[in-house]
Amino acid sequence: MSRSSEFNIGDLIKTILIALVISILIEKYLISLTVVSGDSMMSTLHNNDRLVIEKMSYRFDSPERGEIIIFEPPIYGRENEIFVKRVVAISGDKYKVEENKVYINGELLKEEYAYNNDGSNLPYPFTEGIVPKESVFVLGDNRNNSNDSRMFGYVTLDRIKGKVFTKIWPIKSHSIIKASYNLENDINK
């Protein structure tokens, strides 16, 4: 084997290693891919949808109401799982979930995205309160089939891994995921 061949193999190995390091850094700090597991976010997201997760925003800012995030749930024994839910209340917000309606700071949350919201109420422990600092209150869009903040409480900002940016699979339903959050005045609450 000639010296120039050895040099080219060495260059190839260096290039592969550099590409590997760059891809690891991109996946850890900028963007990553994830697969939806379950139907808790129907009809916005479905089981086996492929999502692009953007990770930089929350290094500089907190999540906003209506954004869909991925996070490690504050559930003993499930800390290493990844959940996908919608942020409905942020630090300082007073929330109330009553008869499958959500009130934020006394105003009814209009939820066009909510799916299968038939009004059935299970005895959830966290249906009313004020979101503490450095935390958010999250709900699945499919309220009747979602393990969310009503059950496990607040999600602290350090558990949030990123914001859902786009759905890339299935191709026919590819879309940019935008925050959806609308309140309407309700003087009765």
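Just so it is clear, glycine is given a Cβ too, placed from its N, Cα and C backbone atoms.
Automatic prediction, not curation, is the source of TrEMBL annotations.
Lifted from TrEMBL, the feature list:
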- 11-169: domain 'Peptidase S26' (DOMAIN)
- 12-31: transmembrane segment (TRANSMEM)
- S40: active site (ACT_SITE)
- K85: active site (ACT_SITE)
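Note: S40 (active site) has non-local neighbours V84, K85, G140, D141, N142, N145, S146, N147, D148, i.e. same-chain residues 6+ apart with C-beta under 8 A of its own C-beta. In the three-state DSSP classification, K85 (active site) falls within a strand. Note on K85 (active site): other Cβ atoms within 10 Å of its Cβ, all shown chains, come to 25.
The predicted model assigns the domain 'Peptidase S26' (11-169) a mean pLDDT of 88.
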